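Database features, via TrEMBL:
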type: DOMAIN; residues: D:14-76; note: domain 'V-ATPase proteolipid subunit C-like'
type: SITE; residues: D:GLU63; note: site 'Reversibly protonated during proton transport'
type: TRANSMEM; residues: D:6-33; note: transmembrane segment
type: TRANSMEM; residues: D:54-79; note: transmembrane segment
Amino acid sequence: MEFNEFFVQGMALLGAGIAMVAGFGQGIGEGFAAGKGAEAVGRNPEASGKIQSIMVLGIALAETTGIFALVVAILLIFVKG
Amino acid sequence: MEFNEFFVQGMALLGAGIAMVAGFGQGIGEGFAAGKGAEAVGRNPEASGKIQSIMVLGIALAETTGIFALVVAILLIFVKG
Amino acid sequence: MEFNEFFVQGMALLGAGIAMVAGFGQGIGEGFAAGKGAEAVGRNPEASGKIQSIMVLGIALAETTGIFALVVAILLIFVKG
Amino acid sequence: MEFNEFFVQGMALLGAGIAMVAGFGQGIGEGFAAGKGAEAVGRNPEASGKIQSIMVLGIALAETTGIFALVVAILLIFVKG
Amino acid sequence: MEFNEFFVQGMALLGAGIAMVAGFGQGIGEGFAAGKGAEAVGRNPEASGKIQSIMVLGIALAETTGIFALVVAILLIFVKG
């Protein structure tokens, strides 16, 4: 048995799948933000515009590392896979 | 034993399965949002429309990385699998 | 020993099993939503209709990534397994 | 079987994928910050500017290790992969 | 099969990727600090300067192990990889 380019491709594709596991963090964290946003609007419906603004801003920032993982997975699949 | 295209396919399919593990984060986070939405409506039923709007918006954003994982899994299965 | 189509099938089926691990997130999150729904109805029984609506909507959204995992697992079993 | 440069490349690419798993922490933590920001604005909408400032500052600091992981993954893919 | 310098390099690069997974802790912990900072500013906006000082100090201390991981990963990639 010899390691060859097929081994490299296989590891790249396995790595792409593993990278996506990162996405569960965004699911938990951004879902928490959605829940706290709903709670805040329930308590103070008049401030719903401001609440939504800061919630969406925070979620967008939390999303970034999920996008990093997607970029790395796409690189692994199409450049090295 | 030699690494060949079958090894690549096998790793792609294993990676597709691993990628989907990301989805448990959406389950926890979005379920939290659903619970907080129910709690908020219970306290302030008149604001249920606004509560539902921000809850669904937040959940939709939280869903994105789960969809990224699905896209990567589909790519791994049908392009490289 | 050589990697062949049986290795691909084996990895596909292993991946299908791993994918379903995602489901524990739905179990936690949707169970939390169910608990908060029950709590909210206990506090404000007159709003039970509205509470149920938003709880079911949120749970349906939380369910999606669990369904994604199921679809990927089915694909891995019947298309590649 | 002999370990050769293909083994090195394969491990580099697998490592790149594993590195990105770090990103789930940012998802959880920064999403928590987004939720607490929404909660704080709901309680005290007049302070939304100050709340947003400290939230964004904190998230930017939390983001750093996610960026470290991305840098390492890119190095592994393009320098060693 | 014989272990040789390629095996060493491969393990070094895999280790570099695994080291970065540490970064998820900083993401969770520092994001928690950011969220609590936002909460504190919302309750007492006049104290925002002092709240920010202690938040940044705490986050800087939490960051250290993430930087340790980065240093180790860089060493593994460029000295041993």
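Don't overthink the numbers, they just go from 1 along the chain as shown.
Glycine is treated like the rest: Cβ placed from N, Cα and C.
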Other C-beta atoms that fall within 10 angstroms of the C-beta of D:GLU63 (site 'Reversibly protonated during proton transport'): 24
Helix, strand and coil totals (DSSP H, G, I; E, B; other) for the domain 'V-ATPase proteolipid subunit C-like' (D:14-76): 60 helix, 0 strand, 3 coil
Per-residue pLDDT averaged over the domain 'V-ATPase proteolipid subunit C-like' (D:14-76), given as an integer: 96
